[in-house]
Amino acid sequence: MSYNAVKITRGSSGWGGPLVIKPTETRNVVLSVTGGGIDPVSQKIADLTGGRVVDGFATSVPDDQIMVAVVDCGGTARCGVYPKKKIFTINLTPVGKSGPLAAFMNEDIYVSGVKELNIELVGDGEVLSSKASEAKAETPKDETYVALSKRTQTKKPNILESIGRGAGKVVGVFYSAGKETIDMIIRNVLPFMAFVSMLIGIILKSGIGNIIADWVAPFSSTIPGLLLISVVAAIPILSPLLGPGAVIAQVVGVLVGVEIGKGNIPPQYALPALFAINPQVGCDFIPVGLSLAEAEPETVEIGVPAILISRLVTGPISVVIAYLASFGLY
Amino acid sequence: MSFLSGLAEGFIGLFNEGGSVFMGLVTGIIPTLVVLITFVNAIIKLVGEEKVENLAKATTKYRLTRYTIFPILSVFFLTNPMCYSFGRFVKEELKPAFYDAAVSFVHPITGIFPHANAGELFVYLGIANGITTLGLPLGDLAMRYLLVGIVVILMRGIVTEAITKTMIKKRSEA
């Protein structure tokens, strides 16, 4: 079986890369973790390199057999999981280093915004074996505290010293917790606030809000309407497409919020609405979530349909439970 | 000419409105959020993952705790998306049910503990914004969202476990 190497460069608005990869006897799987079957990019990589393409939604493959994972991640989860496992990752959506696992997403293992034209055959010379790209994974330790604890280990610590070291350690924990928080705010929270404010600004000022009011409000201000939304969003073909990064749930949440603020939807419907707009939560992430739980391929093959079907039942039930719990709210 | 200036006025007006909404979000939400997430991150670091793992393993025996306390611990301490890695503590046929329960909790928890899923706050915050514009308190909504969330993840865990087991049985017979 002759394998060839391919070079994958980032798309126009993409980030990271270029990656040069080549399958080996044991590690030759192109794992396509994108909603709706195997995407063209994975297919092309497999055809060019001679590797084997597998639909990550149908089944899962042990990590050491995966040559490259192709995802269409919105920026929260999937794009970080595979780099953390030190697997080459290609993201079809042009997302940079983002999400809670951004620390593991480095140019030598992750590339985004990739289209078919960004993939080309190359000679064997420049092949990067995946082990060589050791992701600089651990969050940068604070040198002063690490140096402090090493130096004092040598002689028997007296009381004062151990108190000092203990206090230093605790302060170090608080300090790194603060750094982690600010990093999370800048990387995840502020970008979404910018996007949401732009959306609300345009909706309120341009009058589109009234059109949405006539379209969204009648559904989300009555229980049958909310139940209808929850059933539609839970349809097994739709839910994996509505799931990524919970963007749809957040946009609809904002729209419903604007309508509640304008009085078109009674405030006590906020609780059932929270469940009606979200029966699809995580439906795009099932195979990856199960692989994080070290599930067998058979479990994934049964788990994906089982959860999608269960949501058709539990989506509407969650709206009913929330409606019952909303009495006396406001 | 007045038409053009009216157009420009309207155009800029869109983004002034967006700007004031952004200011409201930043001054209203970010300060409390930063202090709260720092506090919770510090607690998670001090407690340490190992102690949480032993406690979590103990709760996987019974269905009632496997789909309530277990996902709550994993989502609170490991946050999204690493919380699903606690699925390794349950048997194979229970993993889909655990994932369903845990992922269904990553939004209800953000009402009170936003650190667990800071990347997807606006499922709750979007709707909560409407409540604050009406001048109503948020605490009640956040607490009910969390409690109903716990009931829903228990229900989802049980339903998904049943469906998964019947599908496994059907597959083994086929």
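In case you wondered, yes, glycine gets a Cβ from its N, Cα and C as well.
Keep in mind that this is a model prediction, so the values were computed, not measured.
Feature annotations, reproduced from TrEMBL:
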type	residues	note
DOMAIN	A:2-190	domain 'PTS EIIB type-5'
MOD_RES	A:Cys73	phosphocysteine
TRANSMEM	A:189-213	transmembrane segment
TRANSMEM	A:225-258	transmembrane segment
TRANSMEM	A:302-325	transmembrane segment
Mean of the pLDDT scores, which run from 0 to 100, over the domain 'PTS EIIB type-5' (A:2-190): 80
All-chain count of other Cβ atoms within 10 Å of the residue listed as 'phosphocysteine': 26
Conformational class of the residue listed as 'phosphocysteine' under the three-state DSSP mapping: coil
